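> There's a structure below that I have some questions on.
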């Protein structure tokens, strides 16, 4: 079915509409063989709070952006190659229901659908696209993914030293290796994580020690919030107060 749609006029028109919604700030999306599978609004759990984002699923990439005018204008386009994607379901918790993790070596985050049916359809279509891509390329599924950041709101004190309380002066930072919310003194070192950046990135003291020893581990110290690193939900840039 996807192969039949690849070069159809209807498919090309739909992709052209998406490109137009992102405007000149977005990257071109129309390439031979690319098919727009589906689209919809999902709630993305960002660093500060959950926010609505427009998602577009193609047969080889996942695209999302901020909604400026629904179905007319989007900005801050993000493109994720599906070959590197793995997905895991997220248990319902309070108002956050029907969610799953989208994990890649460079970025990982949680999204939530409006209904259980919508969640099932999204996960099914993403999974099939990833499987088809890997089957055609002969590549193995990605075994590495970036940590999912703990949201700011879930940490009132540093998750490493358990002493420093966060205030407007004592800012929150995120370790790029484990995703914990940590204070400045506990994250004053940087380490090169090639899958995430070409430059050294902020890591907490514990992860720095493990990385320096060559173990690459980011477990071993208890999480005061009763969960393990990499199973939480946020991903925004540590030095940017914007949503993505």
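Placement of Cβ uses the backbone N, Cα and C atoms for every residue, glycine included.
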> Scan 191-217, 218-244 against TrEMBL and say which stretch is down as region 'Disordered'.
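Feature region 'Disordered' in TrEMBL: residues 218-244.
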> In this predicted model, what is the average pLDDT of the domain 'FYVE-type' (152-212)?
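Computed over the domain 'FYVE-type' (152-212), the mean pLDDT is 95 on the 0 to 100 scale.
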